[in-house]
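As structure tokens, the structure follows; a few thoughts come after it.
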Amino acid sequence: MAQDRPLLDPSPRPPPAPLLPEPPIRLDPAARSARVDRISFVADTPVPRRGSRADSDRLAASQRELSDDDARLVYINDPSRTNERFEFAGNSIRTGKYSVLTFLPRNLFEQFHRVAYIYFLVIAVLNQLPQLAVFGRGASVLPLAFVLLVTAVKDAYEDWRRHRSDRIENGRTASVLAGAGAGGRQFQPVRWKDIRVGEIIRIAANESIPCDMVLLFTSDPTGVAYVQTINLDGESNLKTRYAKQETLSKSVDMEGFTGFIRCERPNRNIYGFHANMEIDGRKVSLGPPNIVLRGCEIKNTAWAVGVAVYAGTETKVMLNSSGAPSKRSRLETHMNRETLLLSGLLITLCLVVCVLAGVWLRNHKDELDYSPYFRKRASPDDDSSYNYYGIGMQIFFTLLMSVIVFQIMIPISLYISMELVRLGQAYFMIRDASLYDEASNSRFQCRALNINEDLGQIKYVFSDKTGTLTENKMEFQCASINGVDYSGGKASLPGDGEAYSVVVGDQFWRPKLLVKTDPQLVRLLRSGGERGEGMRAREFFLALAACNTIVPLTVETPDPKRKLIDYQGESPDEVALVYAAAAYGFVLVERTSGHIVIDVLGERLRFDVLGLHEFDSDRKRMSVIIGCPDKTVKLFVKGADNSMFGVIERSINLDIIQATETHLHAYSSLGLRTLVIGMRELSRAEFDDWQSAYEKASTTLFGRGGLLRAVAANVECNLHILGASGIEDKLQQGVPEAIESLRQAGIKVWVLTGDKQETAISIGYSCKLLTSEMTQIVINSHSKDYCRKSLEDAIAMTDRLAAMSLGAQNTITGTESQRVPIALIIDGTSLVYILETELEEELFKVATACDVVLCCRVAPLQKAGIVALIKNRTDDMTLAIGDGANDVSMIQMADVGVGISGQEGRQAVMASDFAMGQFRFLVTLLLVHGHWNYQRMAYMILYNFYRNAVFVFMLFWYVLYTAFSLTTAITEWSSVLYSVIYTALPTIVVGILDKDLSRKTLLKYPQLYGSGQREERYNLKLFILTMMDTVWQSLAIFFIPFLAYRHSTIDGSSLGDIWTLAVVILVNIHLALDVFRWNWITHASMWGCIVATAICVIIIDSIPVLPGYWSIYHVMGTGLFWLLLLGITVAGMVPRFAMKAFTEYFMPSDIQIARELEKFGNLNEATASEIPMSTFSQPQQGFI
């Protein structure tokens, strides 16, 4: 692996010969804290393209003062004194939620957050009272106990895995300076959980860091260390960290090393650290480059020594270990509405029963003494009350008893069924080969199991551009140098033998990635000499090779005489530029904290790094001050065009500046990412002034960030323009086709990017987001008044275009083919004046009237604001997809968040609900799995309501014929097992496996996705129709056997067995009528449950101690019994079957048309015209 190779160390090194002595300058925390990311695409807003939230946090941290209340003191090499006053957290971690003692109470407390569980608990408690005991005490508790037990077992297993991981993590060892005696203190192995704040720890190469440590010294004499943060933020590129110059000299006397660190309290900001260290009476400032965090690994550094400042639960990685905000699916939210309606229906049934019971008691009050249900006296001579408490209390008891009897109107099994179905759906999504990304070897991830069905109802997709629509693999394409455009006449990609390489001893080293070069530019560099144009070209590529934080590593090849140079950096843009410089003969071969070595056209030169100002969100550029071999000091600066042209000297070379601006516009129009390069030579006085100001700012304890930015701004001025670069970020495979499919599915795709407007528009055309037929509305305003005027004009234009479209629609027989598509293009500066103001409503009107919205140069919080604009004002489902840290806010704001496993780390993935490798997978995810998940879950919820309502209504009819005494003919065990065993499994299987349409059909006709957007499968009308169907079916179940046996000697228990079997058969036949795709699992579950019900009824009636002993045998042997079961099934299903046939024949939905095409037509030969999709059809009028 490249990360495991040593740094290039060409020998012999050229002796340093700078004009000025090399000062002990290190990158100051605030100056280095902002990473060089997407320099060529920064927003006009004060937040950069990527990692901007971290950047702002880091800058804020450096400006913040550390008061005594906000600081902690860490005494170096003295953990006892460090923890003397405040006992800081130990290094033991615990991610488990429960202990043996707390598991039961805490788990039950969490489960009872579901109100339905409290409802069933109250029912079970009421049933324990003698006066209300409708069911046996054990049987009434069984359903709730079963659901709680299953969930508890699942939670216990997950927590056991967490505890096992904690034991492994806490048991790892690290070398800690400890011990005393003749040999003095030495590094000894100590378990991670026993490490304390203040202890000195030694980490070897490739070892993980056990806690957050401030570096004291490293194996590198300059104090540099390279760390890999993949376990922290998912980024595999190496980062450089530094020990302070003041601590390096102490490495020979670690035992006598004393001092203290005053740092901020533990916080979540992994990119920020604000502290100062006092050593030998001198205060030294500390920042993000001086701290290494728990979970990172030391790479390409033999060893590093640091002092623990945060341990255990106070480390930054642990403080960031909380998951993404919990989200609830739209179906589950709507289900609450139906649950309330069912609760109202339940209360109505109970009130009807208790009112009728009161009337019956009053009418028969003289007969209650000997009534078999009430018996006011145990015997004629016994005046004591036996089972009667007066009409008032009896009505109250009847109300409570009716609630107990009808309790399953609210299906408790639905909740656990939904969890199991979602788990099964997630399994098949993860195993889907079409969602597997071979390039990154990553499978689809389902990180949130509770919103699978929301994937089938998405109306808006908010997408990042770079790394989401594009590959985020930058390739240098062209350059403008000294006003000359080198973008034509590209040579072919050089072969291994033709690529530029450097000679190190008897070995040849060449860059790992090859870059196409311009032959004219190559000739200019090799023959230009010191003439003006050639000199500018050399300085241009020297700037590309020097002005960065790239780390060069070596990679072995099968040929021992050849090695590859692998450039590691945090920014793909920087890596591409360094590879480009190497291709033209400017090869970066070594980097330390004090110097770099560049092979310049075959001559190895050492440049002393005298100062470095990294990219930050205010300046939008970075700069490096280097001491050259010719004893000159030069400042190289690169940054975004809108930042650079403000600091370039325009009094000279105006024609070159204008030519460069023209070339930049051309590059942006081609979709290239652009960057401007400038330089100037510093005099001795200018360097001294800068060095003095820099040292003063870097040692300031308060407001350090602002001072360092001011120092950088003072030196980054009066620059001579060298040129500009163009980098291509290619579209991912299948993006144009994916966007077109989403558009046909009725999904609006909005792109929110930090790139320049010209670049974003060019990419928009490339990915077919924008088309030539679209009318573009562009809003680029720099004040609130201009924004208001632009929005008013935009509203007027959309209204005018809508009227034109309406006129065309009336002219051409109602078709919408003449509708004028509209695209809104707006920049981040305008959004500053619009979002969270009264102008939001105007923006909403314009944006929703447009087919496409393209937001350029937007900050992360503005992305979230755009999502909230739609989410808070409409009921439409939103999905956000991105790949970087700057997309986290947007992903968490949307109803569904999707992370791309790309080049920018795993921040987006860690915050997302679903994760995948390519944008094109979104089509399969939404149009196939989303459609299936919604259709299945919607049907399953309605079916569960129907299944339980049929049973309750059947019990209700029986109560009307038993003097409202709430006695039931169905045994208590059958009542309990009805939702758990008799009918639960088939609906779960159907919810996981059923497919209304094939994958091929759903992908060929994206319009079919609209059924989920229109909520055709689950809505209030369908719920009401379903409840009407349950009433009819319950009447058929109850009255057909009741009328058949009314004058017979068959007892109530035998009737109860018939009703039990009939209701189970009917609801399963109902389900079978709606199954689209049969397989052996569906057959086994459905018919198996009917057989299992019959077996359970037989077993229950064969137990002498249970009521209804031998009842089933009294009726099962007669032909009437079997005839009744058949008659109930036919009579109960006739209305449903008739309505289903009528609606599918006369009012077919899009899905029904497509299903008929699949069955009777040739899908491969069908054209769009053969299937007229009623895209704006109303929800289907019919039963579920």
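Cβ atoms here come from the backbone N, Cα and C positions, even for glycine.
Remember, TrEMBL labels are computer predictions, not curated facts.
Residues or ranges marked as Mg(2+) binding site by TrEMBL: Asp464, Thr466, Asp883, Asp887.
For 9-26, the entry in TrEMBL reads compositional bias 'Pro residues'.
TrEMBL lists 909-1149 with the feature domain 'P-type ATPase C-terminal'.
Here TrEMBL flags 139-157 (among others) as transmembrane segment.
Among the features that TrEMBL reports, transmembrane segment is placed at 340-361 (among others).
The transmembrane segment feature in TrEMBL is assigned to 391-416 (among others).
Annotation comment: TrEMBL describes 945-964 (among others) as transmembrane segment.
Annotation source TrEMBL lists transmembrane segment at 976-993 (among others).
Sequence-distant neighbours of the transmembrane segment (1022-1044) (same chain, 6+ residues past either end, Cβ-Cβ under 8 Å): 338, 341, 345, 942, 945-946, 949-954, 956-958, 961, 1055, 1058-1059, 1062-1063, 1066, 1070, 1120, 1124, 1127-1128, 1131-1133, 1135-1136, 1179-1180, 1182-1184. What TrEMBL lists as transmembrane segment is 1022-1044 (among others).
Counting same-chain residues at least six beyond the ends of the transmembrane segment (1056-1073), those with a Cβ under 8 angstroms from any Cβ of the stretch are 943, 946-947, 950-951, 954, 958, 968-971, 974, 978, 982-983, 986-987, 990, 1033, 1036-1038, 1041, 1086-1087, 1089-1090, 1093-1094, 1097, 1101, 1108, 1111-1112, 1115, 1121, 1124-1125, 1128-1129, 1132-1133, 1136-1137, 1140. For 1056-1073 (among others), the entry in TrEMBL reads transmembrane segment.
According to TrEMBL, the feature transmembrane segment maps to 1085-1106 (among others). With a cut-off of 8 Å between Cβ atoms, the residues of this chain six or more beyond the transmembrane segment (1085-1106) that come close are 971, 973-974, 977, 981-983, 985-986, 988-989, 1053, 1057, 1060-1061, 1064-1065, 1068, 1071-1072, 1075, 1112-1113.
Annotated transmembrane segment per TrEMBL: 1112-1134 (among others), in sequence order.
Looking at 340-361, 945-964, 976-993, the range that has the most CB pairs within less than 8 A of the transmembrane segment (391-416) turns out to be 340-361. The stretch from 340-361, 945-964, 1112-1134 that makes the most Cβ contacts under 8 Å with the transmembrane segment (976-993) is 945-964. If you take the C-beta of Asp464 (Mg(2+) binding site) and look for same-chain residues 6 or more apart in sequence within under 8 angstroms, you find Val751, Leu752, Thr753, Lys863, Ile881, Gly882, Asp883, Gly884, Asn886, Asp887, Met890.
Residue density at Asp883 (Mg(2+) binding site): 33 other Cβ atoms are found within 10 A of its Cβ, drawing on all protein chains shown. Counting every protein chain shown, the number of other Cβ atoms lying within 10 Å of the Cβ of Thr466 (Mg(2+) binding site) is 30.
Sequence-distant contacts of the transmembrane segment (340-361) (same chain, six or more residues past either end, CB-CB distance under 8 Å): 368, 391, 394-396, 398-399, 402-403, 406, 409-410, 945, 949, 952, 956, 959-960, 963-966, 1023, 1027.
Long-range Cβ contacts of the transmembrane segment (139-157) within its own chain (Cβ-Cβ under 8 Å, at least 6 residues beyond either end) map to 97-98, 103, 107-108, 111, 117, 120-121, 123-124, 127-128, 404, 412-413, 415-416, 419, 972-973, 975-976, 979-980. Confidence for the domain 'P-type ATPase C-terminal' (909-1149), expressed as mean pLDDT, is 91. Residues 1032-1033, 1036-1037, 1040-1041, 1044, 1050-1051, 1054, 1057-1058, 1061-1062, 1065-1066, 1069-1070, 1073, 1097-1098, 1101 of the same chain lie 6 or more positions beyond the ends of the transmembrane segment (1112-1134) yet place their CB under 8 Å from a CB of it.
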